């Protein structure tokens with residue numbers, strides 16, 4: 001490009017010569033015009049011509065060309081031949097120092113905390129590499145800057161909205177758990193990174209208000225910390241303990257600042273679509289009984305929610321819930337965050353009234369007073385921890401309900417294939433009083449709680465069921481209050497029924513085509529890839545039964561579409577055999593999207609717009625118009 005500029009300058013000079021030649025002809029014309037001026041009145045004009053013509057000739061012919069030649073062409077050639085060449089030499093030296101520093105940083109990061117001599121060697125090598133890098137950087141940027149330890153520090157008060165930025169190591173989520181060094185920054189209430197400075201930032205955490213940050217001491221590497229969001233965890237590593245603490249403080253401060261901004265503005269920014277979705281979610285969720293007041297303190301107009309509990313919360317209680325950790329409560333804003341349709345559907349199945357009947361079942365028997373909106377934060381925090389962590393207020397299970405096996409009747413009569421058989425009578429032992437009236441709810445359901453292959457006329461005493469077995473049965477019934485009660489009593493969300501091909505509650509919900517029940521189990525930690533004795537996971541069963549909405553949900557939650565059952569069939573093969581075009585499309589698009597991400601590296605984007613739009617459309621259809629996705633189903637045991 002530099003030599004192209006020189007050539008362009010040369011062409012400009014050549015054109016200038018042509019211009020000057022034309023100007024010379026013009027001047028000669030002026031000179032010839034002078035003698036034509038006769039008479040006394042024209043003598044003054046003739047004299048002026050005689051003086052002006054030499055000046056114009058000198059200006060256009062000599063001064064212009066010589067000045068251009070000296071000031072432009074010569075200096076430009078010297079710049080390209082000397083200055084740029086010297087700059088390139090300095091840049092090569094700088095790049096060599098950069099590579100040396102990069103290698104020293106990698107060795108320093110890999111040094112195990114248990115081997116002190118390796119740590120010292122790596123630290124000394126890093127120190128020497130940094131010194132060489134700083135010396136080269138001074139020549140490279142041609143500025144009088146003192147590069148000390150702050151070279152890797154970050155701008156905390158930048159005017160462009162970046163709260164903090166700098167290099168961090170990020171552990172990949174692939175099978176190899178590789179570490180890669182990326183440029184991270186906290187900006188616009190998001191944690192993002194770039195592979196190169198010209199690349200578009202990749203969003204790691206979309207909303208820091210939904211996250212917590214903590215040091216990670218379990219990892220072999222030093223200076224690690226973890227950013228935990230409701231959907232994933234991101235493990236990062238700094239170059240020193242000071243930088244580790246600086247990053248942790250920056251994330252915590254950004255979270256606090258974001259909450260202050262949302263309170264001051266009375267809401268969040270974002271597009272009109274996001275605002276409309278937030279208003280829709282708020283209206284639908286608050287319409288559920290009890291949801292117009294905070295579940296824990298009763299403050300009116302709550303605009304936060306715990307999505308795994310199915311309750312609404314005020315801003316203060318939501319902050320306390322967030323401090324419990326995502327394994328107890330996953331907090332989301334009803335107005336600031338985007339809501340998937342299946343999540344709204346789940347929230348509408350539960351509500352504050354249902355959950356409080358479970359978690360506050362013994363509130364009349366205890367002396368602890370429930371907090372009110374004006375109660376101190378400490379009182380609210382104590383109440384919430386007692387309620388959800390220690391579970392002091394739920395009805396304790398009787399001893400008969402602690403037995404893990406799912407009792408099955410040994411004597412079976414003629415089996416019936418009807419799915420609408422009513423549970424007519426359930427024997428309840430005296431003293432069995434669970435938090436919610438489970439037996440009453442089960443008796444009102446018009447669906448048999450046993451799978452079609454196990455429908456028996458014998459009646460079963462559900463009061464003896466283990467919480468895991470109760471969750472298993474209620475998942476098949478799509479009975480959310482019973483599911484919530486079972487989880488409150490310690491049910492394992494991945495409980496396995498050994499008597500029914502090691503089926504799980506999630507597989508039972510799939511069999512019932514219960515989208516919201518599957519979402520509820522997934523939000524509470526269900527394993528989307530746990531298989532039964534036939535090697536079939538939830539995605540296999542959803543594909544076999546033709547439940548397109550569930551296939552879409554499981555793929556969004558990371559289901560393995562390459563997993564094979566005992567017949568060596570993966571979900572794509574099953575969908576092709578069943579001629580289900582919608583499911584084949586979803587599976588192939590998910591596979592293609594993952595392959596594209598892997599081509600971009602371990603830190604690729606979460607997917608292109610086409611992939612996201614297709615899955616968004618299927619999600620809305622599954623929640624709002626499920627009849628459009630009905631396909632012929634097959635026998636899951638075939």
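Cβ coordinates are placed from backbone N, Cα and C, and glycine is handled just like the others.
Heads up, TrEMBL stuff is auto-annotated, nobody curated it.
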With TrEMBL as the source, identify the stretch among 375-397, 398-420, 421-443, 444-466 annotated region 'Disordered'.
398-420
Other than its close neighbours in sequence, what residues sit by the repeat 'ANK' (501-533), given a CB gap under 8 Å and a spacing of at least six beyond its ends?
307-308, 310, 327, 330, 342-343, 345-346, 349-350, 447, 451, 468, 471-473, 475-478, 480, 483, 487, 493-495, 539-542, 545, 547, 549-550, 553-554, 557-560, 563, 565, 622-623, 626, 636
Check the repeat 'ANK' (501-533) for me and report the mean pLDDT.
92
For the repeat 'ANK' (534-566), what are the DSSP-based totals of helix, strand and coil residues?
17 helix, 0 strand, 16 coil
Determine how many residues of the domain 'Arf-GAP' (279-401) DSSP places in helix, in strand and in coil.
54 helix, 11 strand, 58 coil
Within the repeat 'ANK' (501-533), how many residues are helix, strand or coil going by DSSP?
16 helix, 1 strand, 16 coil
Within the domain 'PH' (161-256), residues counted as helix, strand or coil by DSSP:
19 helix, 42 strand, 35 coil
